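Annotation comment: TrEMBL describes 12-40, 52-73, 80-98, 104-125, 137-157, 169-188, 303-319, 339-358, 370-390, 396-417, 429-452, 464-484 as transmembrane segment.
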Amino acid sequence: MVFRKPPDGGWGWVIVVVSFFTQFLCYGSPLAVGVLYLEWLDAFGEGKGKTAWVGSLANGIGLLASPVCSICVSSFGARPVAIFSGFMVAGGLMMSSFAPNIYFLYISYGIVVGLGCGLLYTATVTITCHYFDKRRGLALGLISTGSSVGLFIYAALQRELIDLYGLDGCLLIVGALSLNILACGSLMRPLESSYSPPPEKTCVDKVPDQYFVYHEKEKTVEENISILEKGYVDEKCANNMPDYKQDSILNKNVLSSINVNEKDTYKKKVVEQTNFCKQLAKRKWQLYLNYWEETMVLFKNKVFAALFVAILLFDIGVFPPSLLMEDVARSANINEDDYRMPLISIIGIMTAVGKLTLGTLADFEWVNTLYLYVTTLLMTGVALFAIPFAKSYLTLAMLSGILGFLTGNWSIFPYVTTKTVGIEKLTHAYGILMFFAGLGNSLGPPIVGWFYDWTQEYDTAFYFSGFCVLLGGFLLLLAALPCWNACTNQSSKLPPNTYSYKVASSA
């Protein structure tokens, strides 16, 4: 399959629009799950930590399964994966409306919807990268705001639907809206050139070469492994024959009366092909060894090791407000009549603003993206420490806006990773970091909920969250100050015989 040169426009802008709406439709409800969280608390009567697992799984499972998502998109293409994932998201939301208990929601909303969102994110990013080269940054920035706009709109939409139709009706309607992902996915036309398969010899002509004595010269092991990996056309042709014909030819030519020399040669070929498999397995095993060696080399980089800790602690601390801020306001006895806008909606719209602003700042040559990222971490920690002192809607709204803006640092995280490990190792390193980001997303809300269950107040929980983010920021700062120049100036060439692994990410 040969892909054409990215057009940087044309149908690519249609891809941007449908990818924007795809992320809008799939991430709107999971990111605005804080509105549903309040209803689930009242409906099932479970603890806050136990109930928080639903939203944390929905947002973290896509990151945790990023390698699987990448394999699916690479194997089947963006369009089939997007259409299939649309059914997953819509089906998971509709199934959640019939949930008899919180454990059912773990599966229907947490895993099914979360995995569907992860697949859709990978599909939209992949197809956009195929269509754009010079304007790839702009295109990715535009589609990434779809999730933030979805959070802004779905927070108010789900609250209104709950008031009108109840929790079950809200989930059914939101699930029906998600079916529009199918229309968006159908427009994700792959950018590939048509091709015609090369002419092949007829199967009848090639059968003797498969089952008779091999008279050609003996090939080396490397040549045979190459033939095996490329899918030798003769084997493909023979495999396309009906099974009964293959069996009859095999029995006729192998079990018939042939001389001793032919039998010896045939046995030699069987042994040689067995060695092919052994050599191929050994080579694949070497690939895995090289992968883990690459991983160990990455962790020897002090800045990367600190970055891995920072992203884990950041997601443990910063994700709970987007899920629990509505319950924080209710716990502070804030009258619902004082609400001008849902707090989650404020977080969503300011996240979009933060992504665009911080991404623009990162393009300036005089801005060090690592220091910019560390600054956002430290400011986020201070904002989390301030939440327990907010006792009015206005102060909570201000803190929600600040946290939303700072959470937009996702847009500069790839820049930071690139400067830390180099462009050649970006895919490998970014996949590892996104896995731990998903782990932080999954653990953060339940931990904060458990703190509330133990203490019956959110103050201790947000002190803990602020401490986690500040600790990660200071560790990254300490690791960066003495060796930042050395790390960025090091050559980042891959060792020989290593391979790149494509891993999906979430922003």
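Using N, Cα and C of the backbone, Cβ positions are placed for all residues, glycine too.
TrEMBL annotations: computationally assigned, not manually curated.
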Which stretch, 52-73, 80-98, 303-319, 370-390, 429-452, tops the Cβ pairs under 8 Å count with the transmembrane segment (169-188)?
80-98
In terms of Cβ proximity under 8 Å, which residues at least six beyond the ends of the transmembrane segment (80-98) contact it?
22, 25-26, 29, 72-73, 104-105, 108-109, 112-113, 115-117, 119-120, 122-124, 167-172, 174-176, 178-179, 181-182, 184-186, 188
State the residues, same chain only, that lie 6 or more residues beyond the ends of the transmembrane segment (396-417) and have a CB under 8 A from a CB inside it; answer 'none' if no residue qualifies.
141, 144, 307, 311, 318, 321-322, 325, 328-329, 332, 334, 340-341, 343-344, 346-359, 361-362, 369-370, 372-373, 376-377, 379-380, 383-384, 386-387, 390, 426, 429-430, 433, 505, 507
Same chain, outside the transmembrane segment (339-358) by at least 6, Cβ under 8 Å from its Cβ: which residues?
31-32, 34-35, 141, 144-145, 148-153, 155-156, 159, 321-322, 325-326, 329, 372, 376, 393, 396-397, 400-412, 507
Spell out yes or no: are there three or more C-beta pairs under 8 angstroms between the transmembrane segment (104-125) and the transmembrane segment (303-319), with each pair 6 or more apart in sequence?
no
Cβ-Cβ under 8 Å with the transmembrane segment (137-157): same-chain residues at least 6 beyond its ends:
12, 16, 19-29, 31-32, 34-35, 124-125, 128-129, 131, 174, 322, 341-342, 344-345, 347-349, 351-352, 355-356, 359, 410-411, 507
So what's near the transmembrane segment (52-73) in sequence-distant terms, Cβ-Cβ under 8 Å and 6+ beyond its ends?
30-31, 33-34, 36-37, 40, 81, 102, 105-106, 109-111, 113-115, 117-119, 121-123, 126, 319-320, 323-324, 431, 434-435, 437-446, 448-449, 501-506
Out of 12-40, 303-319, 464-484, which stretch touches the transmembrane segment (370-390) the most, going by CB pairs under 8 Å?
464-484
Near the transmembrane segment (464-484) in space but 6 or more residues beyond its ends, with Cβ under 8 Å, are 302-303, 305-307, 309-314, 316-318, 320-321, 370-371, 373-374, 377-378, 380-385, 444, 447-448, 451
